[in-house]
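Annotated features, as they stand in TrEMBL:
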TRANSMEM  206-228  transmembrane segment
TRANSMEM  248-274  transmembrane segment
ACT_SITE  D322  active site, 4-aspartylphosphate intermediate
BINDING   D322, T324, D736, D740  Mg(2+) binding site
BINDING   D322, K323, T324, E418, F459, K482, R516, T596, G597, D598, R710, K716, N739, D740  ATP binding site
DOMAIN    762-1015  domain 'P-type ATPase C-terminal'
TRANSMEM  793-814  transmembrane segment
TRANSMEM  826-846  transmembrane segment
TRANSMEM  876-895  transmembrane segment
TRANSMEM  915-933  transmembrane segment
TRANSMEM  945-968  transmembrane segment
TRANSMEM  988-1009  transmembrane segment
Amino acid sequence: MWGRGELCRVGLRVGLADPEGLFQPEWFWGSVNLSWKRLCRSSCPAMNLTVTVPNSTRSPSAGPGVSTTLPCLSRQADLLLLSSSEPHGLCYIETAELDGETNMKVRQAIPVTSELGDTSKLARFDGEVICEPPNNKLDKFGGTLYWKENKYPLSNQNMLLRGCVLRNTEWCFGLVIFAGPDTKLMQNSGRTKFKRTSIDRLMNTLVLWIFGFLVCMGVILAIGNAIWEHEVGVCFQIYLPWDEGVHSAFFSGFLSFWSYIIILNTVVPISLYVSVEVIRLGHSYFINWDKKMYCAKRRTPAEARTTTLNEELGQVEYIFSDKTGTLTQNIMVFSKCSVNGHSYGEHRVPGRPEPVDFSFNPLADPRFQFWDPGLLEAVKLGDPHVHEFFRLLSLCHTVMSEEKSEGELYYKAQSPDEGALVTAARNFGFVFRSRTPKTITVHELGRAITYQLLAILDFNNIRKRMSVIVRSPEGKIRLYCKGADTILLERLHPVNQDLTNVTTDHLNEYAGEGLRTLVLAYKDLEESYYKDWSERLHRAGSATEAREDRLARLYDEVEHDMMLLGATAIEDKLQQGVPETIAILTLANIKIWVLTGDKQETAVNIGYSCKMLTDDMTEVFVVTGHTVLEVREELRKAREKMMDASRSVGNGFSYQEKLSSSKLTSVLEAIAGEYALVINGHSLAHALEADMEVEFLETACACKAVICCRVTPLQKAQVVELVKKYKKAVTLAIGDGANDVSMIKTAHIGVGISGQEGIQAVLASDYSFSQFKFLQRLLLVHGRWSYLRMCKFLCYFFYKNFAFTMVHFWFGFFCGFSAQTVYDQYFITLYNIVYTSLPVLAMGVFDQDVPEQRSMEYPKLYEPGQLNLLFNKREFFICIAQGIYTSVLMFFIPYGVLADATRDDGAQLADYQSFAVTVATSLVIVVSVQIGLDTGFWTAINHFFIWGSLAAYFAILFTMHSDGLFQMFPNQFRFVGNAQNTLAQPTVWLTIALTTVVCIVPVVAFRFLKLDLKPELSDTVRAQMTPRGFLSPANEAFPQGWAAACWAVGGNTAHPLPGSPLYLRTVAWMNCSISGKGDTMRM
């Protein structure tokens, strides 16, 4: 019945039985469940299905061709609306889960089926639907209903999509068109993937390398054992015979290999992953407890919904943000207007601090405020232009009105700006009261007038305008139109030229203030012309081919030679702190792209309001092509303009050379000037095709700001995936609606805003909070600290393990490769569990390089994470080299010193047990001093863990060599008094001191030289503070309960005086990027 690229055909004849009351509120769904794809692959007919609806059904399930009744809940299928409880087959819905818009929308059954309001009529319905195959286009649907030898066009206005919620509608009948995974919502849903950080992936690689290194060491020592046994061991068989079963040097070497694998396995960081998760858990708690990310108004704290991505927050390069409800409050305010060449709406009139008084109008909205009394005076004086202006606003819209009680009107608008315009008309005396599919009722200055609604010419992104054609009670037919100035001003009658010039000046003034503008116009129609045009409109609407093109031509025909009325200016309220947050994140070298389902004009205006777009930009490229060739050409022209600008400044850049150099190369550094890219959803669909995606990404990445408007949820996810695929950068997606879920799941990090559009985005997110401005703190403070702490932890962890383990390797060359250990078994067991685990955990949880205020003041501090400077393969090898260097000194200095040393009583000091105690003590002290050098932020917990670990080592050491344990377990603790005797010798302590100094001094010297010769920005920032300049954790992002325990050595930060050398150096560092290139030795 249906193949790829073909139309779908669904037939239906339904009989319904309702033994327990069909329209009871607890009725849910029919129990028929047919798979669309199974239907399409088989010959199973969808005709003549009889559905019995039990009252106890609770699991929503339906298949194509099944008719069902819906209560006021969201459903699990895409339905063709047949009829409803409302007059004329109307159905009111909310689509927040689909497009993020919380306003109420209206859907309408086609007239021929709107009368099928009971089961007896519905049982006789045997229509057939031919429609498009399943797709992800939320705003389009094409199909035709064949019934009673007639055909009726179907559009998106007749569809109830899965995810929408019915409002103010008791019940409705619908024909299931798509079900299950074939619904448009599911077609737009992305797959859930387990998210892993780049550090996780690197750690896994490094652990494999370490395991390979372990095998190599085992092989080397095994070969050494075989050679030693063959050359030397055979000479001592009388004294040191081979173990039973060993008959050759080769087999002895084979056994030695496995012995050394067991002894040296501590080089493989088995406990690393557990420690990493503990640190991440601590970081997550700090985010949850951060009072500066708590919204008191909504009583919503920040929440880390995962513990695996904290350090990735410190490496973000791209942020993909929704607009509505994320950047904005979704609150529109009627601010100014221009009527017949007069501008109204100054925010404050001198000497009149109070807003305009609308008490004359009992239906006025008390929340509406306007500050220019001149407009109200013009209404009261009967200015015909002003009256016609507000009459247009009260008629030309798709707003739904709800009157819960007499005089209490509630408007449900498809867009907030449309609601603001209708509310403005309401307060100035032109009150929209109600509508039906054929009429609109308006109270004009207290007089109820019903207009016959003849036609609605819908808004779309191509037309950029909306019109209605109405007939007044006097029989006069008039077209009212509102739309973008770039479109409407070209369609005015030439007689409007002078008025157009004045209105254009007002529009430029409003746009300069970041206001959203619309132009209003009207046109009177002759009765004969309207009849002819209406007949042509009906034929075009019934066409099965090129329907949209035919309708567009008819719309364009009637919307010409209109008369200008004026213009409106609406302020879209941004969330608090959005422009500042975007500015700071931009300084941190984070690129912000806005992906929104809103109109282009709306998105661009918000771009200017939040300072993503500025008048100082060289050019804003707008891509609106409708074909692949058009989009490709527009992108090419944009790149050519940017390349021409680059060549004009003499950089000698050739775009052809750059593009051919690799699959994707960044042109950002070669571009002179600041550019922005605005692209529509239909153009983006072509730009994301496989043969064009690279061109689109290069063009977008060369721009400072990118805004994608009218995009679907799937397109949002595709844009994020495109950047992940080619840029290899960490991406973050932030949104507040169900339409952002796919994007949030696709990005490396998903952030949900708990707003007015439900909790779907929050449930799908990795982190959540209530305001966009908290993103700045999440990244620049918590993210940067988490990345810094994790990198320090990993570097130290690998260092201490290699310093500990490699001593066994060197010892093998002096013990005949016999797999004898240097340390006793209890030290080997407790080294990673007791002696070194807690100090490194404390550093990984609490460490800071600069206080939080400095992190916010100096966004450039964020760059090392983006460049992955603090922990990478190079830093890993430096850590390993330092660990091996420490192990060499740890073994050979005691070996050389103790070889000829004597005790106080003249006896030899060089015995195995004394050597083992000396090396072990040196190791614990060296790694403790090293972590003290690595710690940049000392708390009571750090002190307790470091000093406590040292104390625990000596306490356990003396206990293990005590008489008491020997008497209880003589076979386990044989070296009685060895530790006490060894550590009582001055030579031993001098050896320990020498080892510590030789291990640590080069590290200190390197750090001082680097700080003096090549300081980083963090070093310069720390130089601003006094030696006691760190703030107390009580003032940081720590919870109140930790304040007493986590004290710092500090007081208040010291700010450099403007004009001082330190201030000037700081500003110089602020204006340059970090150039450390990761060459800080992990020491």
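Every residue, even glycine, has its Cβ placed from backbone N, Cα and C.
Looking only at the recorded positions D322, T324, D736, D740, the one with its C-alpha closest to R516 (ATP binding site) is T324. The transmembrane segment (876-895) and the transmembrane segment (988-1009) are in contact, since at least 3 Cβ pairs between them lie under 8 Å (pairs 6 or more apart in sequence). Scoring each of the binding-site residues (F459, R516, G597, R710) by how many neighbouring Cβ atoms lie within 10 Å, the top position goes to G597.
Against the transmembrane segment (988-1009), stretch 915-933 has more CB pairs under 8 A than any other of 206-228, 248-274, 793-814, 826-846, 915-933. With a threshold of 8 Å between CB atoms, the same-chain residues lying at least 6 positions outside the transmembrane segment (915-933) that come near it are 796, 799-800, 803-804, 807, 822-824, 827, 835-836, 839-840, 843, 886, 890-891, 893-895, 898, 946, 949-950, 953, 957, 978-979, 982-983, 988, 991-992, 995-996, 999-1000, 1003-1004, 1007, 1083. Contact check: the transmembrane segment (206-228) against the transmembrane segment (793-814) gives at least three Cβ pairs closer than 8 Å, residues 6 or more apart, which meets the contact criterion. When secondary structure is read from DSSP and collapsed to three states, D736 (Mg(2+) binding site) falls in the coil class. Through the fold, the transmembrane segment (826-846) approaches residues 266, 271, 275, 278-279, 282-283, 789-790, 792-793, 796-797, 800-801, 804, 916, 920, 924, 927-928, 931, 934-935, 937, 939, 941-942, 945-946, 948-949, 952-953, 956-957, 960, 1033, 1046 of its own chain, all at least 6 residues removed from its boundaries and within a Cβ separation under 8 Å. Neighbour density at the Cβ, taken as the number of other Cβ atoms within 10 Å, is lowest among the recorded positions D322, D736, D740 for D322. Within the chain, the transmembrane segment (793-814) has long-range Cβ neighbours (under 8 A, six or more residues past its boundaries) at 199, 203, 206, 217, 221, 224, 260, 263-264, 266-267, 269, 272, 275-276, 279, 820-823, 831-832, 836, 840-841, 843-844, 871, 875-876, 879-880, 882-884, 886-888, 890-892, 895, 919, 923, 926-927, 930-931, 934, 1082.
Close to D736 (Mg(2+) binding site), meaning Cα to Cα within 10 A, are none of the binding-site residues out of F459, G597, R710. All protein chains shown were included, and the count of other CB atoms within 10 Å of the CB of T324 (Mg(2+) binding site) stands at 30. Each residue contributes its Cα atom, and for N739 (ATP binding site) and T324 (Mg(2+) binding site) these two points are 11 Å apart. Each residue contributes its Cα atom, and for D322 (active site, 4-aspartylphosphate intermediate) and G597 (ATP binding site) those atoms are 8 Å apart. Note on the domain 'P-type ATPase C-terminal' (762-1015): mean pLDDT across this stretch is 91. Taking the Cα of D740 (Mg(2+) binding site) as the reference point, the closest of the binding-site residues F459, G597, R710 is G597. For N739 (ATP binding site), the number of other Cβ atoms no farther than 10 Å from its own Cβ, over all displayed protein chains, is 32.
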